[in-house]
C-alpha cells in the first residue's frame, strides 16, 4: 500500500504514537482545549475544515487493541474520512503522484468526499512507477483512445477517398487514415479526463497531518468495502508487502457475499502494449512513405522491421521473466513472510518503540478468515484464477491485442481509399476481405507466435550483448511464420475475390482455434506461457 511502503518516518509510526502527536498539535493549532468533539485544523493552506466526533477517533486509537477491533468491523468512524479522486488526477503531469509517492507534495486537496468507489487501486510503491503509469493510462483511457483513433481514421479515409487533399504525388499511398488515427489516439490517451471515482492512497489519505493519516488507515477496511472493484497493479514486490496483503484480505472478506470485480493486471502489460502499438505504427508508416517506384528502399524497410521485431521479442522476454517471478511468489505465498517498514527498522524510530503492524493486520486476517493459512490459500487461488481468466494463455486478452493492432486497420483504410478514388470496385472487395483476414486473424495469430517464441527464449543471459543476440535470433525465427503468412496471402491474391475469401476463412478459423476458450482450457494442463502466470 502506500505511505508505509514508502518508508516515511511519520507514516511508519504506530497509530497510537501518531495519535499522541496529533492531539498535542491539534490543541496547539486551535489555541484551546478540545471541546465537544470538534476542532478546526488548517491543513497545508486548505480552507479550515471542522472534524466532528474526534473523541471517537481518539478512543479507537488509544490502544492497538481498540484499533484492531474497530478495523475488523469495516465500519466508518465518520463520513468525512471517506474520500475519492478522479482516475485522471493521479495521471496528470506525467503521473507525478505515482512517481513521487508520499514523499512528494501533499495532494489531499485533490480528493473529495464520496460514498462509494468505482475502483480501489492496490499497488506496491516498490514497483516500477513508469510501468504503472503506462498501464493505468491504457486501462483508464485506452478504450476512448482507440475509439477516437478509429474516428480519426474514418475522417482520413474520407479525405483520401474523395481526394479532399491530394498531397505528394510520388507516394505509394496517402496515409491520412493512419496519421489522423494515430494523432487522435495519442491525444485522447494523454488528455482524456476519466471521471471514474477511485481510491488512490497518496491523494485520498493525508500525507502530512498525522491525525488524518491515522484515521485513513483506521478506516481502510471500510473504504475497501465501499469499493466495487479492486484493481491490483501486480509486480514482483506486490505479494511481499504487508499492507498490500491487508488490502486483498479486506476486499475479499467484504465482498464474499456481494458482487464485486477483482481485476489483476501485471504492470509490465503497459510497456508491452505500447511497444507493439508503436512497432505496428512505425512499420506501416514507413512502408507508406516509400515511393512506389524506388524498390531499392525496401531493404532498409526490412531491416527497420527486423530491428523493431528484436525490440518486441526483447520486451516480451522480460514480460515472461517478470510473470515467472510473480508466479513463484504466488505459489509460495505466506502472509507471515510479508515485509513491513516497522520490522525493517527493528521496531525503533528516533528512540521510540514501534508497535509492529503485523499484530494489527494478522488480527484482522484471523478474524475474517479463521487463520492466516486459510487466507494464504485464498490469496493464491484468487490471484492465480483471476490472472488466468483475465489474461488467458497468451498474456493479453484477444480484445486487448486487437486494440494494440489498430494501426493495421488504419493503414489498410488508406489503401481502400485509394481503390475508392480510382473506382477499382473488384479490387476494393478483395481488399476488404484481406483487411478482415489480417486484422482479425493473421496479426493476432502472429502475435501468438512471437509470444510463444519469447517464452521459449525467456531465460536472461548474464552478458547484455549475448542477451540481445538471443532476442535477435528470436526475431529471425519469427520471420518464418511471417513469411509463410505472406506467401499464403500472395498465393490467394491473384484469384481476386475468391482467393481472398479463402484466405479470410482460413485465417479466421485458425484464430478461432488458437484463441478459443477450449484451447486455453487445454493449455492449463500443458507446460507453456500460462505457467509463467499461474
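One-based numbering along the chain as shown.
Placement of Cβ uses the backbone N, Cα and C atoms for every residue, glycine included.
As written in TrEMBL, here are the features:
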{"type": "TRANSMEM", "residues": "133-161", "note": "transmembrane segment"}
{"type": "TRANSMEM", "residues": "173-192", "note": "transmembrane segment"}
{"type": "TRANSMEM", "residues": "262-285", "note": "transmembrane segment"}
{"type": "TRANSMEM", "residues": "297-316", "note": "transmembrane segment"}
{"type": "TRANSMEM", "residues": "398-417", "note": "transmembrane segment"}
{"type": "TRANSMEM", "residues": "437-457", "note": "transmembrane segment"}
{"type": "TRANSMEM", "residues": "464-489", "note": "transmembrane segment"}
{"type": "TRANSMEM", "residues": "495-515", "note": "transmembrane segment"}
Open item on the list: Counting only residues 6 or more past its boundaries, what in the same chain has a CB within less than 8 Å of a CB in the transmembrane segment (297-316)?
Closed with: 271-272, 275-276, 279, 282-283, 286-287, 290-291, 395, 450-451, 453-454, 457, 467-468, 471-472, 474-476, 478-479
TODO: Between the transmembrane segment (398-417) and the stretches 133-161, 173-192, 262-285, 437-457, 464-489, work out which stretch tops the count of Cβ pairs under 8 Å.
DONE: 133-161
- [ ] Could you give the residue numbers and ranges of same-chain residues that sit at least 6 residues beyond the transmembrane segment (464-489) on either side and whose C-beta is under 8 angstroms from one of its C-beta atoms?
- [x] 306, 309-314, 317, 434, 437-438, 442, 445-446, 449-450, 453-454, 457, 503, 506
